[in-house]
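Here's the structure we're looking at; comments come further down.
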């Protein structure tokens, strides 16, 4: 049916991805059993068990609504899995109206506690918005011999969207939403080491590269609409995996304090953070593609969307990043597509 809409959300079994799925279903799915289904949400997860669990929880969350959920298996750190997902999506779905490229990885090695304590006491908003006390695992390489964080956060999605565009699953009206970050800082990205094999901040590097690529692609021209959005600062499963429940509670307390002190970016809840991603689907126009949008809140938690400054990106940086990614894409496409 031509009126049916399809939304693909990567990394949707928990955290922000699950929040985005919840928001979309709340808005689109009918309550009455005799109303037609017009919206399909396609979840991507690494395993069948996680996907089926996410579908079950979403259905339990909306007991009085007609829910249409599908899932695709996808591991962004495995390029063979990415190509398999491309083929699965192209075979099963005629088009995609919304594509949320949300899944990603963060590899935390530890916390510099003295630095964390003193920086938080001196300037809590700065310390908990742009933290400098996390120590990331440097130099991790995937089984594809790519930078693990680079592949998981940038290249896997770059390959996915370009292949889907080639197969005409993405149309001119499709809205592709990239998940950026507040920590996408210029200093973290080395253009001589775009995969961050040698850098100490692979996560920040990957998010800055994502920003650079977005503007490079807009400049060149895309066959679909593409938006750059970040979730503010919310506590997801990545926090819980590395910090544990007690430290996550402490982090949430710190985030609430920052919010009361006036920080707009401490969204805390993935559901609240997902508001900006829903707004993009419903209200963003082509003119909004040039702005980096962010999920934000008032002191008392009222949701809003704010534009976010992006540090200067030079034309030469855009050109170098896009040329590198395009070449890598062609290399992997040749390997994976018979």
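Positions of Cβ are set from backbone N, Cα and C atoms, glycine also.
Of the residues 64, 75, 190, Swiss-Prot puts just one in the NADP(+) site with 16, 44, 50, 203, 207, 236: 75. Across 16, 44, 50, 75, 203, 207, 236, which the record gives as binding NADP(+), the greatest C-alpha separation is 26 Å. Less than 8 angstroms from the CB of residue 44 (NADP(+) binding site) sit 8, 9, 10, 11, 12, 51, 71, 72, 73, 74, 85, 103, each of them six or more residues away in the same chain. The two recorded residues, residue 236 (NADP(+) binding site) and residue 180 (active site, proton donor), have Cα atoms 15 Å apart. Using a 10 Å Cα-Cα cut-off from residue 207 (active site, lowers pKa of active site Tyr), the recorded positions that qualify among 16, 50, 75, 180 are 180. When the recorded positions 50, 180, 236 are compared by the number of other C-beta atoms lying within 10 angstroms of their own C-beta, 50 comes out lowest. Residue 16 (NADP(+) binding site) sits 12 Å from residue 180 (active site, proton donor), taking the Cα positions as reference.
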